[in-house]
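Swiss-Prot annotations:
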BINDING   F131, G162, S163, G164, K165, S166, V167, Q171  ATP binding site
BINDING   S166  Mg(2+) binding site
DOMAIN    1-91  domain 'CARD'
DOMAIN    116-442  domain 'NB-ARC'
Amino acid sequence: MLCEIECRALNAAHTMLIQDFEPRDALTYLEGEKIFTEDHSDLISNMPTRLERIANFLRAYRRQASELAPLIDFFEYNNQNHLKDFLDEYLWFATHQPDKLRPVVLVPKFSRQMLDRKLLLGNVPKQMNCFSREFHVDRVIEKLDEMCDLESFFLFLHGRSGSGKSVIASQALSKSDQLIGINYDSVVWLKDSGTTPKATFDLFTDLLLMLKRARVVSDTDDSHNMPDFINRVLSRSEDDLLNFPSVEHVTSVVLKRMIANALIDRPNTLFVLDDVVQEDTIRWAQELRLRCLITTRDVEISNAASPECEFIEVTPLESYECFELLESYGMPVPAIERDEDILHKTIDLTSGNPAALMMIFKSCEPKTFEKMAQLNSKLETRGLSAIECITPYCYKSLSSSLQRCVEVLSDEDRSALAFAVIMPPGIDIPVKIWSCVIPVDICSNEEDQLDDEVADRLKRLSKRGALLSGKRSPVLTYKIDHVIHLFLKHVVDVQTIANGISILEQRLHELGNNNTPTPERHMPSKFRRTSAGDMFPKVEDSVIRPEDYSKFMQIHRTFYDSLKKFTSQ
């Protein structure tokens, strides 16, 4: 079997082979070199078209030959020096100067038209081109470029629901002329979202199908005759689907073996696994030594990976980015101060979430700030589920998406998240105050151990869906954004909120009296679907001093008065 570098060299030469190579000419020569048997030669020679002969020739050569030298010698013998020179040049640069392989050898033979074709065949979704987060897109391109020579890797693109992870990944693949076709021979994009072992099995069954389909399409590729190319792709791809073996009763071991065999023909493929939820998906990809770009809400699944891992966090939109996004979709520029206030209110309520902003824009008919103010009011009184519409985002409301995040949390993390609704949004709150209300189970009366346990619980929530955000300066603090608080306020049981307020009052009073709070608490929490209530005003964004911890509820009196009014309705 050829080594990976030589497999890549054959893939890179594929277009040139289609233009000027007849496998029948090489069979007798390679039989003499003990590469092929008579059976191989008969099978390849009897193929009805040259494209099929090339496809089967390359497939057999990858498996039967131990090096490219015999084929290169044939090209020299057959006076096809352009093929010999290309393969020699590729192997020399790949071995001695890999950093110059792409600009010197590959780039001159690649075109934008081929990139678009590879993106289409790789199932890469077409995304918006009216707005782009250039910083994040360029970081993805840079990381994929840096890691392309690794045998296997994971690049995790992680962030909150609706933050635009899939859009950024798609835009990165579409923007760069270097990634697909130069750094990577091809791409396969698959949507995951599965939460069961069967879902993981189905995902990799689809991956096998995409690899087989990609091989058929590549084997019939002829960029000089586009109509014939399309017809061949359609007919061969349909045949490939019809002849695809059933994997209904195949074990996971057999499926992995089938994928590994298919990867011989696609040795340098980038796999984009979108919306990964389970660590089993990471384990499968690791066993198969895939090169993966992963989009996920839960960055903790990266713990299942041992190869090279890199991380890019997709943060909420900055205020200026929110303006640009809405303007790109046709929202008018604020003309007066009142319009600016309404727009800022929308940005605050959505916490710069692109999906939420898009839903507000799509629901804003007519496109006036008066209508936007009405939508803001609906959000405040009825929660995120009040605005529901069809957008490019896969959920009709952000509430449904966040609810899915909650469902995959452990019972302990879900209970901690429920009591996060007691905290005012947009405020960096020290762990000591969080410890007053977050339920944990410890066997010690040590106050520091309680704080450490609570900090660990809050850290998990910040990693599993960016439901909270942490900061270490000047002390360790955690913050709940407005959009998450707005979601929790209308799904957490009212009695749980009322109990949480009461517990917080009691613990803060004990802090003021220098009493040690009880470290073990098991407070029941329940989520509900709908309710109504008043939203809170914007509060100060400064870290409270330790001597003022007991005054926390007094400092944020307006918020707690509003929350108490909400629970009494």
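Here the Cβ of each residue, glycine as well, is placed from N, Cα and C on the backbone.
Not measured: the values here are computed from a predicted model.
Cβ neighbour count for G162 (ATP binding site) (all protein chains, 10 Å cutoff from its Cβ): 24.
Taken together, the residues of the domain 'NB-ARC' (116-442) have an average pLDDT of 87. Here the binding-site residues are G164, V167, and the one ringed by the most other CB atoms within 10 angstroms is G164. Every protein chain considered, the tally of other Cβ atoms within 10 Å of the Cβ of F131 (ATP binding site) stands at 19.
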